[in-house]
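In what follows, a structure is listed as C-alpha cells, so that the remarks can point back to it.
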Amino acid sequence: MFITLGFITTLLLLVPLNICGKPQKDDNASLKLGNSTKNLRVNKPLFRLPNMSLPLSYEIDLKADIQVGVFQGTVKIQIRIQEDTSRVVLHSKDLKIEEVRFVKQSNKTEEDEPRANNASFSLDAGSEFLNVDFDKGSSSAMSKGDVWMLTIVYSGKLGSNDEGFFGKVYEGHRKKEMFLAATHFEPTSARRAFPCYDEPGHKATFQLNITHNKKYVAVSNMPASGDPVDNLDGTCTTSFLATPKMSTYMLAFAIGDFKSHYLKDSRPQISVTTRAGYRSHSEYALQMSSKILSALERYTNQSYPFTKLDNLAIPEYKWKAMENWALIIYDENSLLTLRERSKETEWRIAFTIAHELTHQWFGNLVTPAWWSYVWLSEGLTSYLEFHILKLVSILNLSWFVMSKTHVVLAEDTNQTYHPLTYWPHDLAGIRGIFDYITYHKGACIFRMIEHVLTKDAFQKALRNYLADRKYGSVSPDIIFQYFTDAAVQDGVFENTEIDFQSFLRTWTLQSGYPLVTLVRDYDSGTFRLQQEPFDTIGRENKNDTRIWWIPFNYVTKNMDTFEVTIADGYLDSSGEQTISPALKMWTNEDWLILNKQQTGFYRVNYDPRNWALITGALLKNHTSIHVLNRAQLMDDAYHLMTVNRLPVNVFLNLLKYMVKEDEYAPWKTFESVLGQLRRRLPDRQDSIGFDNFLRDVTTVPYERFGLLAQPKDDFLRHLTRKIVINLACYSGHEECLHETKALLNKILLNKTKKINNDLKSTILCNGMKSATHQDFSLVLSLFVKSRDKYERKEYMECLGCMMDANLIRLYLTTAMKKTFDIKYTVDERLYVLKSVIQAGRIGLRVAIEFLIENTVEYSKISAGKRNALQEAVQEVGRYIVNKKLQMDFTRLLKKVKRYSLLSKEHTKPIENTVQRNIIWADRHRKPIIEWFSTYNYDKTSKTVAVTSGALIGGEISWIILGLNIISLYLVRY
C-alpha cells in the first residue's frame, strides 16, 4: 500500500462494478443521494479486462541479469474460459512478447493440439492489453468451461522508478558499486514483469523460479522449495513454493546481496532482510513485528496464513513500504534504526510495521474487487493500525483524531475531491486513488462505524468477514452486510428505524462532509439540529442536495458521559431535527456539546450563548470537557471562522484557557490553528498583538514542562513539550530563546550528551534563529554526515529556521550550485526551498527573490514526473496574503511566463489561491488585529524581539521538524 503526493484534481464518476463480464445489480438504485456525487452510470472503461477468461494459476520462470538491467521470462497461465471466444485478453506493459502458445489442459502434449501454433497476438499501448487470438477462422475456438494453458515467452528491462520489476544501484562497503532488483506491483505494475490478468479481483496461485547470478540471493513471498540449483554458468536457480490464491499486485520478489536476521524460535519465522552491513539496525523491527503479528491474530481470530514473514529493507524505496504477502518491502529508513535510537524513530517504525502487517489480513486475505473500493483496504487498515498499536502499548487512540480526523476535515473541503467509492476514468486515475480521502477519510468513517455499532459488534463483524471471505474479493456492500448483521445480533438498532446500509452509502458515495448546527431553545430545554455540506458554505450552489445520515450524541455539564459514544439518535434525510429529551437534564447555564470525542465525521456549530457557556467552562475547569472535544472545539471554531460562520472573537476567546492545558491533542490543535492564523498576518506590525498573546499563553506551560525530557514522560507528553517549547520561543520568550541557544552551542561543540535525541531538532531550530555562519556550517555538516533520511530532513528544516537573510540565501544556493560538494537527493533539493518558505516572513521573501534570480536554473531540477518549479511556485503562493507580497509574487510569475516555464494551466490555480488568500485577509484581518490589540496580556512577561517565525499553512513548521508524524502518510505504503 502506498500514497502518492499528487492528489485527484478532477471529480470522477461512480458506476457499479462489473465482475466476470456480467452486470451487477445496482444496489444503489433506491438510495437518494445528493447530486454532487456525480454518481452516474457510464460504459465500462476501456482499460478493464473483458473477463471472457479467468486465471487459475501462474508458473513464472524468470532469468534476470541485475547488473546489465535485463530479464527474460516464460509464464504459463492456466485459464478457465468464461464465455465462448477466440480471443484471450490480459495485460502487458513494456515487455517484448516473443512467443505465445495455447494448450488445452485435457491434452497430454502440445503435439496433440495442432491449433497451438495458430495463436497470434497484438499489443494495445493505451489500454495495456495483450490480445491473444486463437484460430482466427472460428468464433468459438475456446468453449465456456474449458481450461487451457497459455504460455508466453517474453523479455524486458529493469525499471528505474521503483515500479514493476526495477533495479537499484547503491554504494556498498568501501564505496563499491552494488546492485539489487526488486518489485513493486501495486496498483497496475505486475504487467511490467510478466503478462498477467492485472486486476485485484482476479486471484490465482503463483509458482516462481528465478535464475540469477549465484553471488546474489533471491527472495519471494513463499519459502524456497530447496537449495538453489547451480547452472554451471555462474548462475543458479531458486525455486519457490506455490502461493495461496492472491492478486497479482501482492506478488513480490527481489535479488541482491542480502543478509537475513531471524527472530529466534518465532512461529511463523520472522526475519528482517537487509543489504550487507545493516543487520545490526534490525532488532527493533524484529521484536515489533512479532508483537504486532500476535496482536493481529488475537484481534482478528485468524491465524497468519504463511510459515514465514520476511521484512525486506532496500535503500531509497520511494513508496516507504508495500504489503506484499509475507515479503513486505520497506525503505530502509522506514524499518531500520539507522540513527541513535529515539522514541520518535521507534514510534515511526512501529506505525509502519503495524500498517503493513494489518494489510496481511485486510487487503491480502480479503481484497477489494476493484480499485474503486481500495478504501476498504487502506481506510480500514489506517484505522486498525491504531487499535493494534494500542494492544502492544505503543500509543493511545487519541492520536487518531489529530493525525487523521483533523487533517482530512481540512482537506475534504475541496469540491473536486472524490467520494470514497468512485470510478477512475483511466489507468492514471487509479494511482490518484491513493490519497488523503482513501486513507484518512476511510479510516475516519470506519472509526465512526465502530462507535455507532460498539466496539464488540465492530470486531465481531470483522472477524466474521475474514472467516467467510478469506482468499476472496469483495465490494463495499459485502462488508456493510457484516456490520449490519453484527448490529442486529447485538441489538444495536433496537427502537430505531435506521437502514444501516443506506446510512453507510451516504458516507461512501458522496464527497465532502456535513456541518451540523445546534441551536438551543433555552425556554423549552430542547435543541434543533440542522445539517448542510461544509464545502459549499459561502458558495452559491442551490443544486447541491447532499444529505447524510448523521449519528449524533451529546453531553452536558451534568451528564458526565463522554466515554459512552454510541449514537443517541440519527439526523436523517430530512436534514433537520428537534431533540426533546424526556427529562430536562441541564439548566440554561449548562453547556451542551455534540459529537462526543469527535467520533462522528462532521463539524459542529452552536448558538452564541452555548459557545459562551463552553468558553466559560474551559476557563473555569477545562478538564470537565473531554480532551478530544477540547481539541475539536478549537479546530471547528477556527474553520467556522474562516467561512464566516463564527465571529473572530468567539474563536479567539476559546483559546484563552490554553494556559492551563497539559494534554497533547489540544496543544497540537492550538499550534495548528494559530499557525494558519499567523501565516495570514505577515506584517510585523500586525503580529505584535499575536506574539504578546502567544507569549502570555505559553509562559506558564513552558515553566511547567521545562526544556528537557523527564524519565517518566510518555510519547504524547514528549510531543507536547516540543510544541510548548516551539511556541514559547516563537513568541519571543526570553528564557526559551536563551536556553535553546545555549544548548545549541553545546550540541554543536559536542559538549553535552544530556540532550534527549527526540528534542534535538527542537533545540536546533530554535537555537538557529540567531545562527552565526559557524552554526550554519556545523549543522550543514551534520546533515552531510547523516544517512537517515528523516534525520536529514530535520536538519534541513532546522537550517530553514535561520533568520539571517544572507545565511538563508547561502543555504538555498547549496542546493542549486554544483560548486558545493553536498550530495542532496533530488527530493532534498526541492525540500530545501520548502523549508525556507515555511519558516517565516524573512525566509519567504528571500525565497521569492532567489526564485526570481534563478528561475531557469531551478526549473531544471528533475524529480521524475514532478515539476520542481511548479511545486516551488505553488508553495510560495500559499503564503501570499497581502498586496505587498502579491507584487513580489507577480514579478516571479512574469519571469516564469516570459520563459514559458509553466503553462497557464499551471499558473492560473496558483493565482486563484493568492486571490482567495487576499480576500480572506481583507475580510478577517481587522477584527483579528483588534482582538489581539485589546487582549489584556501580562506586560511583565520577558520578551526578545523575534523578526521571523516558523508558522506555515495549517501548521507551524516546527511540528514538521520530524515532529509531525502525519508526514508518515504522505509518501507511504
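Heads up, the Cβ atoms here are built off N, Cα and C, so glycines get one too.
Site annotation (TrEMBL, ligand Zn(2+)) includes H355, H359; from E340, E344, E346, E378, the additional listed residue is E378. On the 0 to 100 pLDDT scale, the domain 'Aminopeptidase N-like N-terminal' (55-250) averages 92 in this prediction. Of the recorded residues, H359 (Zn(2+) binding site) and Y439 (site 'Transition state stabilizer') place their C-alpha atoms 13 Å from one another.
Between the CA atoms of E378 (Zn(2+) binding site) and Y439 (site 'Transition state stabilizer') there is a gap of 5 Å, rounded to the nearest whole number.
Annotated pair H355 (Zn(2+) binding site) and Y439 (site 'Transition state stabilizer'), C-alpha to C-alpha distance, rounded: 11 Å.
When the alpha carbons of E356 (active site, proton acceptor) and Y439 (site 'Transition state stabilizer') are compared, the span between them is 13 angstrom.
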